[in-house]
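> Mind having a look at this structure? Questions to follow.
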Amino acid sequence: MNTQSNTAFSLLALAIGAFAIGTTEFSPMGLLPNIAHDLGISIPTAGMLITGYALGVMLGAPFMTLWFGGFARRNALIFLMAIFTVGNLIAAFSPSYMSLLGARLITSLNHGAFFGIGSVVAASIVPAHKQASAVATMFMGLTIANIGGVPLATWVGQNIGWRMSFLAISVLGVITMLALWKALPQGMVAQKPNVKAELKVLTRTPVVLALLTTVLGAGAMFTLYTYIAPSLTEFTHASPTFITFMLVLIGVGFSIGNHLGGRFADLSINKTLIGFLVLLIVMMVSFPILAQSQIGAAIALVIWGAATFALVPPLQMRVMSVAHEAPGLASSVNIGAFNLGNAVGAAAGALVLDLGWGYSAVSFAGALLAGLGLSLVLFQIKRESSPTQALQQCSD
């Protein structure tokens, strides 16, 4: 695939897949009240649909990446999207909460491996000096999902039915498979990975600390994001239309933050993490106050969205840099860690709600997780500055 148009089509196919995955991951957050009412469950119980998805990503990322490591990459990506499509179809026709939860688990298995393998594919079809831009193009689909896909799925779910949202996403999965089959070259076969050696890299202390930082940063984000629809209803008495608009603004914040995080991380990973974690803490503590008005809520959520996604580039870079012998696996596992944070955040929000502390406490719980993440970043900086640790890392 040598022509510029073919390369662009290949990257577009990967971006469509990222868009579909991002939409199915985040859209239930705006539909929790609808799903809970339809299935006769509580909103915290419905929130476990997000927790279950996140746990599936965490478990599926390393397994699926290693399983497909020696396969033709086009075939691997198509098969992963087939899993995605089947999972969303099952979700659309689920008769009960448990079947819907099972469908979410099936859907989640493709997530980490798709982004891990997709990153390698994106980098391999362009010249070396354009590899970072190619990978960013694929992840742009994830960002656009938060601006367009998630709000649209929320609108469809609130006005037509949440099942129709999952059905539409499954159609998008079929489109992605066709695009991948048409666009990607057939001869892209990776060398079979040394499973034992690559897994050993993940046990190193710097790698473990970097992954844990991702868990805490993502946990802080998803504590509030999981319950954003009922939180806005509580604070602003928001209509479904207003909630959809807020999801669009959050997506705009995500895009801004993703761009800023990448730019600043090129200068300093640690300073970027510290700065945006502090901003995230400030926004989550002040959100219950600012959200008393709709304008305040809108401003707060744009800044909050920027702070959360600005953490993604430096977190990804940190993990890949300390696991340089297995960057593909580390990249996939870091996505799993991000989704473990998703589960931690959703569970933390459910806990404070079950305790009767209200939606203000949900935001405060997220700030606490961000504070723990900040403490861990500072600990890693101190550890890396130690002469003893520097010698150990050199010997590794």
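Cβ coordinates come from backbone N, Cα and C, glycine included.
What TrEMBL records for this protein is below:
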DOMAIN    10-385  domain 'Major facilitator superfamily (MFS) profile'
TRANSMEM  44-69  transmembrane segment
TRANSMEM  76-97  transmembrane segment
TRANSMEM  109-128  transmembrane segment
TRANSMEM  135-156  transmembrane segment
TRANSMEM  162-184  transmembrane segment
TRANSMEM  205-228  transmembrane segment
TRANSMEM  240-260  transmembrane segment
TRANSMEM  272-289  transmembrane segment
TRANSMEM  295-312  transmembrane segment
TRANSMEM  333-353  transmembrane segment
TRANSMEM  359-379  transmembrane segment
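How about a rundown of where these features are and what they're close to?
Predicted-model confidence for the domain 'Major facilitator superfamily (MFS) profile' (10-385) is 87, expressed as mean pLDDT.
Sequence-distant neighbours of the transmembrane segment (44-69) (same chain, 6+ residues past either end, Cβ-Cβ under 8 Å): 25, 28-29, 32, 35-36, 76, 79-80, 97, 100-101, 104-113, 116-117, 190, 192-193, 195, 198-199, 202, 222, 226-227, 328-329, 332-333, 335-343, 346-347, 349-350, 353-354.
Long-range contacts of the transmembrane segment (76-97) within its own chain (CB-CB distance under 8 A, at least 6 residues past either end) are made by residues 14, 17, 20-21, 24, 39, 41, 45-46, 64, 68, 103-110, 113-114, 117-118, 121, 163-164, 166-167, 169-170, 173-174, 176-177, 180-181, 184.
Long-range contacts of the transmembrane segment (162-184) within its own chain (CB-CB distance under 8 A, at least 6 residues past either end) are made by residues 1, 6, 9-10, 12-14, 16-17, 19-20, 23-24, 27-28, 31, 34-35, 38, 73-74, 77-78, 81-82, 84-85, 88-89, 91-94, 103, 121, 153-154, 156.
Sequence-distant contacts of the transmembrane segment (205-228) (same chain, at least 6 residues past either end, Cβ-Cβ under 8 Å): 26, 29-30, 32, 43, 47, 50, 54, 243, 246-247, 250, 273, 277, 280, 284, 287, 301, 304, 308, 311, 315, 318-319, 322-323, 330, 333-334, 337-346, 348-349, 353, 359, 362-363, 365-367, 369-370, 372-373, 376-377, 379-380, 383-384, 393.
Same-chain residues lying 6 or more positions outside the transmembrane segment (333-353) and placing a CB less than 8 Å from one of its CB atoms are 43-44, 47-48, 50-62, 65, 108, 111-112, 115-116, 202, 210-212, 214-227, 312, 315-316, 319-320, 359, 361-362, 364-366, 369.
Distant neighbours of the transmembrane segment (359-379): 209, 212-213, 216-217, 219-224, 227, 230-231, 234-235, 270, 273-274, 277-278, 280-281, 284-285, 287-288, 344-345, 348-349, 351-353; these residues of the same chain sit at least 6 beyond its ends, with a Cβ under 8 Å from one of its Cβ atoms.
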